[in-house]
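Visitor: Starting off with a structure, shown below.
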Amino acid sequence: MATVSIPASTSALLLDIEGTTTPITFVKDILFPYIRDHLEEYFSNHWEEDECKQDVHLLKKQIEEDMRQNRSCPVHTVDQTVHTDEEKAIREVMDNVMWQMAADRKSTALKQLQGHMWRAAYSSGRIKGEVYQDVTPSIRRWRAHGLKVFIYSSGSVEAQKLLFGYSVEGDVLDLLDGHFDTSIGAKVEAKSYERIAERIGCQPEELTFLTDVAREAKAAEDAGVNVVVVVRPGNMELTDDERAHYNLVTSFSQLEVTGRV
């Protein structure tokens, strides 16, 4: 693919993570299985701790909201191996977490719990954050031209910081000016990008968003944000219309800075 010029009006770049800075396989084959494999152990070890209690409280509020909205929820069956009230409570929360993950839910409650679990895995060295080889050199190049770089992901801010703080290239958090997650709004809603621009302190047209998801690209575009769609191995296929409409890159190295010293 040819090079793509970052619009001269751009003062900040906003980067998606999954499928953009980081292979989708890292999330699907490493991060998510870690949660499924260690969930019961985590709850058993941390159930009485304040942080875990806050996570469980948020999850229960999400369950109540789902019931109010008549969304389907996991059906609890009688498990003869569960005896104590604590075990029953843990099993119910586990069932909900597993159900949300199977449905690819992006709830803030789920993302917060996952972030806390991943923190222990990263800090112990069991997991290292994967980033494509073109990512950090490109970010350094953009910053050298005076551009700011922010992250916007459905993963919690804490999970984002863990990925870049414990990456395969070491701690690269100093390359990033800030982080946003779904607490500012869903990635498929234009208002979210307007809020981010306001928080950063720029106009939407001064922001360029890099994502692999066409629905997110459209939402950003509707907010007046510049968009570049990133095509990486394993990403969802774009339609012919989407390919014709958006600027596409397969590597951050294809993005050229123009109109800046």
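Glycine is no exception: its Cβ is also placed from the backbone N, Cα and C atoms.
Taken from TrEMBL, the feature Mg(2+) binding site covers ASP16, GLU18, ASP212. Per TrEMBL, the feature substrate binding site maps to SER153, SER154, LYS187.
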Visitor: Going along the chain, which residues six or more apart from ASP212 (Mg(2+) binding site) have their CB under 8 A from its CB?
Guide: ASP16, GLU18, GLY19, THR20, VAL229, VAL230, VAL231, ARG232, ASN235, MET236
Visitor: Given that the record lists SER153, SER154, LYS187 as binding substrate, what is the largest C-alpha to C-alpha distance among them, in Å?
Guide: 8
Visitor: Tell me the Cβ contacts of SER153 (substrate binding site) under 8 Å, same chain only and six or more apart in sequence, or just say none.
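Guide: Result: ASP16, ILE17, GLU18, ALA159, GLN160, HIS179, PHE180, ASP181.
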Visitor: List the same-chain residues at least 6 positions away in sequence whose Cβ sits under 8 Å from the Cβ of LYS187 (substrate binding site), in sequence order, or say none.
Guide: ASP16, TYR152, SER154, THR211, VAL213, ARG215, GLU216, ALA219
Visitor: What count of other C-beta atoms do you get within 10 angstroms of the C-beta of SER154 (substrate binding site), across all chains shown?
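Guide: For SER154 (substrate binding site), the count of other Cβ atoms within 10 Å is 22.
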Visitor: Setting ASP16, GLU18, ASP212 aside, what same-chain residues sit with their Cβ within 8 Å of the center of the Cβ atoms that define the Mg(2+) site, listed in sequence order?
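Guide: Here the non-site neighbours turn out to be ILE17, GLY19, THR20, THR21, THR22, ILE24, SER153, THR211, VAL213, GLU216, VAL230, ASN235.
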